[in-house]
């Protein structure tokens, strides 16, 4: 009886070892696939270092982490090149799709707008949302219009029939940033000028040329 129990336990142990060996073979096969581009690869943690020009991407699942080598970092990460290894570093903001550095976002995920490297659900004050680029563009509030300038033509205020006059307005508060969406700050319109400048001599108009009189000829002697 004891001999039968011993043989049964031995059979069960052999089946467990066979199952473990099969699992290790499957893990090793999967590991070889995930070790593409690796210089060093761990059975438990995947890639540790990558070939030149590849980035090491670390996936974390709780306390476990697993490394793979990629040509380009996925969304939410940016590439940092180093002397020993190139790494994919995660953007700090979860609403950032791609970033230039850990704290400077370049493109936000859907339903977010980009402004000065940060992602917002609603654009901050003094900015307007641009649906096409999903960015917040600076706006500016201009002050009142100035009075119309003198009517001029080529820097002259007289001597021509028509000229141009202008008026301007300034932006209140701080100067707007480059690319800010500002309304028109200058307007021009056509205006009439004095045709003749003061003191300018004018020639009288004549309707036509006068007919010249022929000189009288004296009668010849003997006629």
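Using N, Cα and C of the backbone, Cβ positions are placed for all residues, glycine too.
The signal peptide annotation in TrEMBL covers 1-19.
Taken from TrEMBL, the feature domain 'R-spondin Fu-CRD' covers 35-136. Within the model, the domain 'R-spondin Fu-CRD' (35-136) carries an average pLDDT of 89.
Per TrEMBL, region 'Disordered' is recorded for 196-223.
The feature compositional bias 'Basic and acidic residues' is assigned by TrEMBL to 197-206.
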How many of the residues that make up the domain 'R-spondin Fu-CRD' (35-136) does DSSP mark as helix, as strand and as coil?
0 helix, 55 strand, 47 coil
